[in-house]
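Listed in TrEMBL for this protein:
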type    : residues                               : note
BINDING : Lys110, Gln173, Gly205, Asp236, Lys379 : UTP binding site
BINDING : His206                                 : substrate binding site
Amino acid sequence: MLIQPAGISAGSTNKNIYITHCQVLTSVFVLQISRKDFDGFKKLFHRFLQVKGPSVDWAKISRPPEDSIQPYEKIRAKGLPASISASLNKLVVVKLNGGLGTSMGCKGPKSLISVRNENTFLDLTVQQIEHLNKTYDTNVALVLMNSFNTDEDTKKILQKYTHHRVKIHTFNQSRYPRINKESLLPIANDLGMSGENSEAWYPPGHGDIYASFANSGLLDQLIAEGKEYIFVSNIDNLGATVDLSILNHLMSQPADRRCEFIMEVTDKTRADVKGGTLIQYENHLRLLEIAQVPKAHVDEFKSVTKFKIFNTNNLWISLPAIKRLQEKNSMDLEIIVNPKTLDGGLNVIQLETAVGAAIKSFDNAMGINVPRSRFLPVKTSSDLLLVMSNLYTLDAGSLTMSKKREFPTTPHVKLGSSFTKVQDFLTRFENIPDMLELDHLTVSGDVTFGKNVTLKGTVIIIANHGDRIDIPAGAVLENKIVSGNLRILDH
């Protein structure tokens, strides 16, 4: 959420607190963490202390002009030129790889969770890019933005891709200190990452990509190699593959009207009401997140009729433009104040920014309304069930909806808490059910599935507390509600 620091007013009080905090933070930071990291946090913290009230005036919000969000079909209708290989050679794929798999009960980087045929998110990404490079005889590189949480484990795994036709680079997000919510002082006692300090640091959101990319030297290196655009996406979005039609649209613009930023958006459903949306604000296209919305207008923001699209976080961004904006220090990203309660009960805040918020700073920025298939995130075991099933076919690292499915929409799947951890999830399925004709699945309680189960229409399975339901091998459930106690025992 976006908030003003409690009890802090503008003027000398702010200045004194800012000076005190900078003195404390300097002593903590400078010995080990890069000066650039410290400078970045200092700027962010200073802006945080200056913020007063909401970051948007609701009365100034309007719908984007029609030509600022193009339908994907229009972009695709242009066709591809024979020179698409030349365009690919100017592209770099960047995956946001800072997250852990803790929400799915896994240790280590989320990108190393197996999602399909023993392939991890990272495996599928490498396969996709290698396929592009082999098909078009190109040199599309992969860049991973790691965090201090994921860097070591990721680098160990990268050795397995040595003989793949993909050049892989990595750089690290910044490392910032968590702040005590009451005192607004850093909670770290020293620079260590273990013991009392294990929860003292955090990576400051994916908006940090611009500064940390530049600070790493990789931005300059890629520009020197002739690269012009990056395609940025979350590594857990299995729909975020390189789209040649969007790339061609970028590269075919006149030099004086070259688009510097494209945000892929897609039509909002009830499941997406909290997703950020594009608005017109003070003559610029701008990303509006729910955290920026005044409480009185939250329901309006969630409306599918007024705000019809949301941000997929698939972004195409000009490398020279990033360099220009970084050198001018003119990327003013809204601060997201993320409150957390640590294991010991201490209330802290972490200051973050979002990568898409920079859209307002780039020239000729636009949105493209893409098919829902380009947004296939795996955040929960319910999502994992979908992508592991026969709803999708896997080819060269890319998942596509099976042609055998009559409707192109994905079923609504809601698995209960017994399925939250990936390990528990896997033990409850002898194999993944046939879901080609499924519309809706709800599973709650102690439920297991035998081999070759088929689910069709709407299926609801509820085992009450103390009960267990074993769906037998070969069962076909079509528009069924299953409840009570059903045990299948070996003898």
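Residue 1 is the first one shown; counting continues down the chain.
Quick reminder: no glycine exception, Cβ is built from N, Cα and C everywhere.
TrEMBL annotations: computationally assigned, not manually curated.
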(request) Round to a whole number and give the Cα-to-Cα distance in Å for the pair Asp236 (UTP binding site) and the residue listed as 'substrate binding site'. (result) 14
(message) So the record assigns Lys110, Gln173, Gly205, Asp236, Lys379 to UTP. If I measure every Cα pair among those residues, what is the longest distance in angstrom, as a whole number?
(response) 21
(request) Work through the binding-site residues one by one (Lys110, Lys379) and point out the residue whose CB has the fewest other CB atoms within 10 angstroms. (result) Lys379
(request) With an 8 Å cut-off on Cβ-Cβ distance and a minimum sequence separation of at least 6, pull the same-chain contacts of the residue listed as 'substrate binding site', or say none. (result) Leu96, Gly98, Met145, Gln173, Asn313, Thr353, Ala354, Val355
(request) Inside 10 Å of the Cβ of Asp236 (UTP binding site), count up the other Cβ atoms and send me the figure. (result) 22
(request) Check each residue in the chain of Gly205 (UTP binding site) that is at least six apart in sequence and keep those whose C-beta is under 8 Å from its C-beta; list them in sequence order. (result) Ile336, Asn338, Glu352, Thr353, Ala354
(request) Could you tally the C-beta atoms, other than its own, that fall within 10 angstroms of the C-beta of Gln173 (UTP binding site)? (result) 28
